[in-house]
């Protein structure tokens with residue numbers, strides 16, 4: 001059947017050729033098999049003719065067939081041809097090894113290599129590079145070292161440049177960079193392949209600086225054999241990108257242009273990638289235009305580069321251009337734009353782009369949904385973020401849970417953050433280090449001591465990456481808990497950064513150990529850490545706590561001498577420090593010297609005047625604040641009400657309290673406490689009572705105590721009894737309220753009622769807490 005399908009005359013010809021000289025046969029078959037227009041089907045027909053013609057044992061013919069089948073991606077057919085040959089030489093073995101190696105079947109190529117060794121055939125300088133490279137691709141280190149030993153044992157070709165380059169590549173690929181360098185240094189001659197292998201090895205193993213060093217050595221060698229090729233330059237640009245070495249990258253760009261390599265697609269692509277990652281959107285844009293046939297990766301890179309530089313308008317222009325050219329965006333480029341919109345807090349644009357995502361059905365892409373969730377968390381649009389989270393969290397999206405956890409932390413929703421973490425634990429979802437930091441910080445803010453300690457155990461138990469952020473949040477947690485021993489131990493064991501120092505200094509200040517905080521600052525400076533504004537603000541708080549004007553002045557001099565940036569927070573802290581340490585003139589001098597003043601600066605200056613009893617100056621400054629179009633805040637009115645209380649300015653205080661509504665400032669418990677104190681001290685007890693009854697929340701002990709004390713002072717015992725009874729009803733477990741009620745009854749001469757109040761206290765199981773002295 002086969003013979004009927006094939007040309008009979010070709011079979012006859014082959015039979016005649018088989019009796020002719022071997023060299024003539026080889027040449028004739030070679031001409032047939034080297035025909036590039038030969039299809040796979042024709043190749044198989046010729047193979048059949050060769051078998052029927054009795055030439056399957058011909059090594060040269062077999063090697064040609066093996067190579068031809070390999071070029072069609074059919075190494076399995078190459079193996080069939082190989083197995084028909086009984087007497088095999090090194091040329092045939094190399095052919096079958098190459099057939100599988102070139103098609104990515106590295107394990108099979110190594111199997112043939114070991115079969116070759118078992119047959120007694122020794123490898124040559126063509127075999128070794130393929131076998132070693134196969135070991136590199138499979139990361140079979142021990143097999144590769146065995147081959148290295150075999151090469152050294154046989155000798156003769158271990159000093160071959162191709163063999164040496166393959167071993168450099170192998171050791172680099174397996175992560176043994178030092179061994180790769182030893183092999184490279186021992187090579188008597190090095191070609192561009194060897195140089196590229198050692199440069200690439202350094203870059204791939206995170207030693208980009210060393211890679212650039214070898215590139216410079218290669219350039220210094222100066223011979224044509226050592227001249228960098230496009231692949232070498234690609235590695236060089238990658239190294240520059242990893243190091244952020246803009247100057248060196250530009251030099252490499254110039255070298256590529258000078259040596260005619262800039263037109264290479266390898267060079268253009270790597271050059272574009274370098275400029276994109278190095279934060280040079282203009283040069284990245286020019287490189288992008290030189291690419292010509294842009295793919296989705298290059299479009300994504302240029303759009304991301306422009307977006308990261310803050311040029312969102314140009315970034316979106318490129319996004320629309322990409323679509324006009326027939327390129328359909330994928331989830332990666334969509335997510336990239338969403339992430340940058342979130343970072344830049346472009347809320348209207350972010351919402352509009354969300355509409356584009358929905359219209360083009362990208363809302364089903366988990367990567368896009370996670371980016372949208374992150375964006376809305378950054379916008380602090382809690383309701384939208386929660387709605388989106390409810391939709392995507394049902395799909396078991398681990399990243400979404402972590403994003404929402406971090407979002408709650410960012411939006412100061414500490415209770416929700418902790419509740420979500422508990423739910424995550426119940427579902428068995430893993431959290432990342434950033435999420436752990438958010439939960440630990442939430443525990444610090446709401447005083448969840450036990451949960452905070454449990455989180456520390458969780459971090460250790462789950463072998464979570466103990467990043468510096470996690471350590472800093474734990475130091476802050478233990479500092480706020482008052483456990484300075486653990487906080488200090490973690491500080492000493494950590495790879496500290498400025499934030500770590502800040503956390504430890506803040507812990508000392510929080511625990512009222514300001515002297516230790518100041519001493520730690522001195523150590524921080526001596527160890528060449530540059531304090532941040534947060535460090536200095538915290539230290540000024542320590543100076544306030546200790547009343548140390550001298551130390552505060554030293555910190556002020558440090559700020560001036562080091563030319564530290566004087567931002568609004570630091571300026572406000574200095575004004576506050578001088579005011580609270582008794583140097584009101586200096587405080588006002590700094591206030592007047594400030595070019596920009598936010599509400600905090602105005603507040604601390606007003607508070608300073610109130611603290612020193614200069615109510616007129618405080619109110620005058622408030623009037624200036626209104627004229628400067630700075631909106632007063634809650635602390636502004638609290639400082640003013642406190643000043644009016646101490647000065648007894650009832651009408652002025654009432655006007656200020658009513659003025660809060662004008663600025664949409666909702667009074668809190670402290671504002672009401674000041675107003676009640678102001679009214680009570682002036683004898684306006686009925687108005688004070690009316691104020692307490694109209695409060696939108698329950699009074700605390702301070703308000704009840706203020707009101708009852710004034711009732712006692714002004715002899716309003718009936719009102720005092722009425723207020724005390726309400727206080728007891730509001731909090732039956734507060735021993736102070738029972739005592740105040742009993743005292744009020746006693747003052748009114750109602751001894752039986754006083755005794756009954758004490759009896760109620762005993763029946764409720766409330767005992768009077770023992771007094772203590774702070775001396």
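Placed from the backbone N, Cα and C atoms, the Cβ positions cover glycine too.
Annotation comment: Swiss-Prot describes 703-775 as region 'Type E motif'.
Here the repeat 'PPR 1' (58-88) is broken down by DSSP into helix, strand and coil counts: 22 helix, 0 strand, 9 coil. According to Swiss-Prot, the feature repeat 'PPR 1' maps to 58-88.
Residue counts for the repeat 'PPR 4' (160-190) under DSSP, helix first, then strand, then coil, are 23 helix, 0 strand, 8 coil. Taken from Swiss-Prot, the feature repeat 'PPR 4' applies to 160-190.
Positions annotated as repeat 'PPR 6' by Swiss-Prot: 229-263. Same-chain neighbours of the repeat 'PPR 6' (229-263): 192, 195-196, 199-200, 202-203, 206, 208-209, 211-212, 215, 218-219, 269-271, 273-275, 277-278, 280, counting only residues six or more beyond its ends whose CB sits under 8 Å from a CB of the stretch.
Counting same-chain residues at least six beyond the ends of the repeat 'PPR 8' (295-329), those with a Cβ under 8 angstroms from any Cβ of the stretch are 269, 272-273, 275-277, 279-281, 284-285, 288, 336-337, 340-341, 344, 346, 349, 360. Residues or ranges marked as repeat 'PPR 8' in Swiss-Prot: 295-329.
Residues or ranges marked as repeat 'PPR 9' in Swiss-Prot: 330-364. Per-residue pLDDT, averaged over the repeat 'PPR 9' (330-364), rounds to 91.
Per Swiss-Prot, repeat 'PPR 10' is recorded for 365-395. Shown for the repeat 'PPR 10' (365-395): DSSP residue counts in helix, strand and coil, namely 27 helix, 0 strand, 4 coil.
Here Swiss-Prot flags 397-431 as repeat 'PPR 11'. Residue counts for the repeat 'PPR 11' (397-431) under DSSP (helix as H, G, I; strand as E, B; rest coil) come to 27 helix, 0 strand, 8 coil.
Taken from Swiss-Prot, the feature repeat 'PPR 12' applies to 432-466. Sorting the repeat 'PPR 12' (432-466) by DSSP state (H, G, I as helix; E, B as strand; all else coil) yields 27 helix, 0 strand, 8 coil.
Through the fold, the repeat 'PPR 14' (497-531) approaches residues 468-469, 471-473, 475-476, 478-480, 482, 484, 487-488, 491, 538-539, 541-543, 545-546, 548, 551, 558, 564 of its own chain, all at least 6 residues removed from its boundaries and within a Cβ separation under 8 Å. According to Swiss-Prot, the repeat 'PPR 14' annotation covers 497-531.
Annotation source Swiss-Prot lists repeat 'PPR 15' at 532-566. Panel annotation: around the repeat 'PPR 15' (532-566), residues 498-499, 501-502, 505-506, 508-509, 512, 514-515, 517-518, 521, 524-525, 573-574, 576-578, 580-583 of the same chain, lying at least six beyond its termini, place a Cβ under 8 Å from a Cβ of the stretch.
Remote same-chain partners of the repeat 'PPR 16' (567-597), defined as residues 6 or more beyond its termini with a Cβ less than 8 Å from a stretch Cβ, comprise 533-534, 536-537, 540-541, 543-544, 547-549, 552, 556, 559, 603-605, 607-609, 611-612, 614, 628, 630. According to Swiss-Prot, the feature repeat 'PPR 16' maps to 567-597.
According to Swiss-Prot, the repeat 'PPR 17' annotation covers 598-632. Here the repeat 'PPR 17' (598-632) is broken down by DSSP into helix, strand and coil counts: 26 helix, 0 strand, 9 coil.
Residues annotated as transit peptide in Swiss-Prot: 1-17.
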Residue numbers, six or more beyond the limits of the repeat 'PPR 17' (598-632), whose CB comes under 8 Å of its CB atoms: 568-569, 571-572, 575-576, 578-580, 584, 587-588, 591, 639-640, 642-644, 646-647, 649, 652, 663, 665
Secondary structure content, the repeat 'PPR 14' (497-531) (per DSSP, counts of residues): 26 helix, 0 strand, 9 coil
